[in-house]
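Written out below as structure tokens is the structure these notes cover.
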Amino acid sequence: MKPGFKYCHSCNVNSPPRAHHCPVCETCVLRRDHHCSFAAVCIGHFNQRYFVAAIANLMVVAVICTWYNFSFVLTILPNMKASEYWWLCLPHLALVLRYISFYQFFVLVYFASSLTVVIFNGYLIAAQVFCIYRGQTRIEYLMDVQAYNCGILENIKQALGRRWPFIFISPFIPSPLDSDGISYKVHEMEDLSKQTKYM
């Protein structure tokens with residue numbers, strides 16, 4: 001077996017470094033980050049850049065929607081006091097207690113939904129930025145594998161490709177990766193054998 005490879009008992013194959021078995025997809029995924037339930041696919045070596053671009057663009061749209069929704073909320077509830085801002089998070093309770101009408105309820109639900117998208121999408125972006133900055137996947141972060149941290153710019157290129165700024169403009173602009181998904185640049189060679197031992 002090559003250095004850094006490990007045997008996957010589920011797939012019955014030798015799995016390269018940074019590859020992990022996904023129990024949902026029932027296969028080993030190169031540089032597996034996580035399984036995305038919304039896209040029903042594992043995020044890994046070949047599609048992480050598209051995932052990052054998608055959540056970044058979704059964040060832009062969600063922030064714009066939330067901003068316009070909030071200005072609309074202030075239009076339909078012009079005399080809302082600071083003590084009534086809880087209506088924004090709990091519109092159903094405000095409706096039951098008859099503080100707002102059905103129309104205002106639906107507007108507040110729409111605002112709360114867009115705000116929820118901003119919050120959860122913000123978490124996804126923060127997790128991706130954090131792991132890319134450190135040269136890790138989420139699994140490697142949980143296992144404290146730090147052998148692949150080659151500096152911020154090199155980490156970005158490894159995850160998002162050589163033309164990474166263009167992935168945010170269009171997914172059709174190619175951004176080739178420097179790695180083949182099996183071999184990666186490592187920060188310290190001795191760390192690789194130690195840190196992939198239990199992966």
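Backbone N, Cα and C define each Cβ position, glycine as well.
The domain 'Palmitoyltransferase DHHC' annotation in TrEMBL covers 5-142. Taken from TrEMBL, the feature transmembrane segment applies to 50-73, 85-102, 108-133.
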- [ ] Please give the sequence-distant neighbours of the transmembrane segment (108-133): residues at least 6 beyond its ends with Cβ less than 8 Å from one of its Cβ atoms.
- [x] 33, 48, 51-52, 55-56, 58-59, 62-63, 65-66, 69-70, 72-73, 87-89, 91-92, 94, 100, 140-141, 152, 155-156, 159-160
Task: Mean of pLDDT values spanning the domain 'Palmitoyltransferase DHHC' (5-142) - done: 93
Task: Contact set, same chain, for the transmembrane segment (85-102): CB under 8 Å, 6 or more residues outside the stretch - done: 73, 77, 108-109, 111-112, 115
- [ ] Using a Cβ-Cβ cut-off of under 8 Å, list the residues of the same chain that are 6+ residues beyond the ends of the transmembrane segment (50-73) and lie near it.
- [x] 36, 39, 43, 80, 88, 107-108, 110-111, 114-115, 117-118, 121-122, 124-125, 128, 132, 159-160, 167-168, 171
TODO: Using DSSP, break the domain 'Palmitoyltransferase DHHC' (5-142) down into helix, strand and coil residues and give each count.
DONE: 80 helix, 18 strand, 40 coil
